[in-house]
Amino acid sequence: MTSESFAHLTLAFGLLGNVVSFMVFLSPLPTFYKVYKKKSTEGFQSVPYVVGLFSAMLWIYYALLKTGAMLLITINSVGCFIQTFYIIFFLIYAPKKARIESLKLIMLMIVVGFGLIVGLTQFFAHGASRVAIVGWICLIFALCVFVAPLGVVRQVIKTKSVEYMPILLSAALTLNAVTWFFYGLLLHDFNIAIPNVLGFTFGVLQMILYFVYKNKKPVSDEKKVSELEAKKVETEEQKISEKRDQEIIDVVKLSALMCSIPAVTRVNENTNDNIGHNHLVVEPPRVPLAHTIEVAA
């Protein structure tokens with residue numbers, strides 16, 4: 001392969017990486033549309049956007065120190081603008097407590113963290129050593145960022161639900177890792193290539209989990225179904241118990257009613273009665289001394 005073809009291939013991977021990364025940067029837009037509609041950030045956090053801004057600033061600083069990495073500067077400049085927009089939008093609609101926590105995180109990572117990296121490397125490192133130090137910082141931070149999806153992977157396995165792991169985003173992140181891996185490989189820059197190996201691995205793992213669990217019923221839904229069935233059985237048992245109690249009460253009422261009906265007897269013809277007719281004598285009910293009625297509960 002000629003040097004010209006090599007340069008064209010590197011440029012192609014860099015441009016593709018810019019396009020895919022730009023789409024990934026835009027992926028939170030539906031989230032912020034919900035925030036705008038509800039005028040509240042609800043349970044959303046600003047951490048991903050502050051971390052994204054810090055990462056983009058780090059890669060810009062690294063690309064400025066290193067020659068021939070203009071495509072890193074272009075996409076991360078766009079990333080800085082988009083992440084800053086997300087953070088400002090979040091601060092507008094966040095409640096007071098979340099806003100204060102976000103400002104603290106911004107001060108810690110952007111002002112203190114990035115400020116120290118730039119200041120220390122400018123004063124205590126020179127030339128190639130400065131590039132190497134900043135490159136290692138970018139490498140370690142990128143590895144930490146790529147390890148973050150492990151929490152989502154754990155949640156998918158635990159709940160058997162892919163609700164919080166959209167397939168399109170996973171595919172985009174995988175493709176993004178592949179393009180930047182080859183871009184770094186062609187530039188012989190392993191600070192760019194190595195983290196994207198991990199990104200590609202986790203991206204493929206997420207897509208495999210998606211196809212494994214996409215048609216399975218989430219654990220939460222199974223619990224809801226079992227709870228509804230248990231509640232239904234309990235309701236039926238309660239109805240049967242109430243019906244049995246009502247039957248016992250009805251029997252007791254019927255017995256009491258039978259005791260209160262007057263006894264009607266036929267008196268035989270009295271031989272001493274000169275009239276010679278039969279008479280009906282109505283006897284009052286015999287009232288017992290005490291009635292005790294027990295009703296089963």
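Cβ coordinates are placed from backbone N, Cα and C, and glycine is handled just like the others.
Residues 52, 71, 74-75, 78-79, 82-83, 169, 172-173, 175-176, 179-180, 182-183, 186-187 of the same chain sit 6 or more residues outside the transmembrane segment (6-26) yet have a Cβ under 8 Å from a Cβ within it. What TrEMBL records for 6-26 (among others) is transmembrane segment.
Among residues of the same chain six or more beyond the transmembrane segment (47-64), those with a C-beta under 8 A of the stretch's C-beta atoms are 25, 28, 70, 72-73, 76-77, 79-80, 83-84, 86-87, 90, 102, 105-106, 109-110, 113-114, 117-118, 131, 134-135, 137-138, 141-142, 145, 191. Marked as transmembrane segment by TrEMBL: 47-64 (among others).
Note on the transmembrane segment (70-93): residues 11, 14-15, 17-18, 21-22, 25-26, 28, 32, 35-36, 39-41, 44, 46, 49-50, 52-53, 55-57, 59-60, 62-64, 99, 102-103, 106, 183, 192 of its chain, located 6 or more positions outside it, place their CB under 8 angstroms from a CB of the stretch. If you look up TrEMBL, you'll see 70-93 (among others) marked as transmembrane segment.
Residues or ranges marked as transmembrane segment by TrEMBL: 105-125 (among others).
Tertiary neighbourhood of the transmembrane segment (131-152): same-chain residues 51, 54-55, 58-59, 61-62, 65-66, 117, 121, 125, 164-165, 177, 189-191, 194-196, 198-199, 202, 206, selected by CB-CB distance under 8 Å and a gap of 6+ residues from either end. The transmembrane segment annotation in TrEMBL covers 131-152 (among others).
Sequence-distant contacts of the transmembrane segment (164-186) (same chain, six or more residues past either end, CB-CB distance under 8 Å): 6, 9-10, 13-14, 16-17, 20-21, 23-24, 27, 71, 146, 152-153, 155-156, 192-194, 196-197, 199-200, 203-204, 206-207, 209-210, 214. Residues or ranges marked as transmembrane segment in TrEMBL: 164-186 (among others).
The transmembrane segment annotation in TrEMBL covers 192-213 (among others).
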